[in-house]
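Visitor: Attaching a single structure in structure tokens format; questions to follow.
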Amino acid sequence: MNKEKTIIFSMPNTHVLAQEICDELKMKLHSVNKTIFADGEVLLSSKETVRSKDVFIVASTSHPANNNIMDLLIFVDSLKRASAKTINVILSYYGYARQDRKAEGRQPIAAKLLADLLQVAGISRIVVVDLHNPSIQGFFNIPVDDIKAQYILSKEFTIKDEKFTIVSPDHGGTIRARIMAEIISNDVKIAIIDKRRVSTNKTEVLGVIGDINNENAVIVDDIIDTGGTIVNAAEVLKKNGAKKISIVASHGIFSKGFDIFEDADVIDEVIVTNSIDNYELAKKYKKLKIVSLAPFLSKVIRSIMDSKSVSDIYAKYLESK
């Protein structure tokens, strides 16, 4: 990896993750110069020369999504006009990923629109953590690496000397649950929460598919938003005989705060990655634990710069378990 020809930037909302990545790579983190004008418009640029350099931007289009998206687009445009050789975005959270299809007539496909905007701005490659729907990769005409956070999160359970069942919170997450179960051990069973959606951000839990009686349960999801559905699922698992219940997710949005989890007696812990900066919440709440993506993402950056396979990182991880 030619560090002299590589430069890493952090968008304002991902500074902690970006610094951790740079610490892993033993590289300097460069900040983005941002100006907010009186009318609300923004200007973002680099103080560093980027001409003929491979640029990596650590970003997240989490809340406030629209502001963070616009910041990223403007900064990418500035780098393109400054003659950067390549512009690679490490997008820890892909906003609008849940708007990946027309659920009803006259609705937009915002996930596709965002993909178009990122490409027009000038991005060469995107590395994204756990897309809500892997098919979103098909919205791009540039290389996309969809990093599976299960490999990072599973380490929290491979080191524990206890038996547990991996639980998918719905039928759509069965593959995600199966992948995590197989990463941990071939002996780990899975169960599925049977539920139906009754309105936006609201679902009704019908029951559990699989035996959870007298088992520790680990509910695995990609996104935790309001938290109501997850808490309901935990309550159903407890009624069906589950012992300790852990919640594991790639992205902790927590749009209604964390009290709903901290106050839920049926939930023992909530583990999320730092794809979204929740460190202040973790200082306040005992049940919240954050796992850093930095060790894994730093290896991804190194593989890209050395023209090596990103898939090999997964293989080496499994070999080192």
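Even glycines carry a Cβ here, placed using N, Cα and C.
Quick caveat, the model's predicted, so the values are computed rather than measured.
Feature annotation from Swiss-Prot assigns active site to Lys195; the stated evidence is sequence analysis. The ATP binding site annotation in Swiss-Prot covers Asp39, Gly40, Glu41, Arg98, Gln99. Positions annotated as Mg(2+) 1 binding site by Swiss-Prot, on the basis of sequence analysis: His132. If you look up Swiss-Prot, you'll see Asp170 marked as Mg(2+) 2 binding site, on the strength of sequence analysis. What Swiss-Prot records for Arg197, Asp221, Asp225, Thr226, Gly227, Gly228, Thr229 is D-ribose 5-phosphate binding site, and it gives sequence analysis as the kind of evidence.
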Visitor: Cα-Cα, whole number of Å: Gln99 (ATP binding site) versus the residue listed as 'Mg(2+) 2 binding site'?
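Guide: Answer for this pair: 18 Å between alpha carbons.
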Visitor: Indicate the candidate from Gly227, Gly228 with the smallest number of other Cβ atoms within 10 Å of its Cβ, considering only these binding-site residues.
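Guide: Sparsest of the binding-site residues Gly227, Gly228 by Cβ contacts within 10 Å: Gly228.
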Visitor: Please report the distance from the Cα of Asp225 (D-ribose 5-phosphate binding site) to the Cα of Arg98 (ATP binding site), rounded to the nearest angstrom.
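Guide: A Cα-Cα distance of 11 Å.
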Visitor: Let me spell it out: for each of the binding-site residues (Gln99, Thr226, Thr229), count the other Cβ atoms within 10 Å of that residue's Cβ, using every protein chain shown. Which one has the most?
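Guide: Buried the deepest by this measure is Thr229.
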Visitor: What whole-number value in Å do you get for the largest C-alpha pair distance within Asp39, Gly40, Glu41, Arg98, Gln99, the residues recorded as binding ATP?
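Guide: Value for the max Cα separation, rounded to a whole number: 31 Å.
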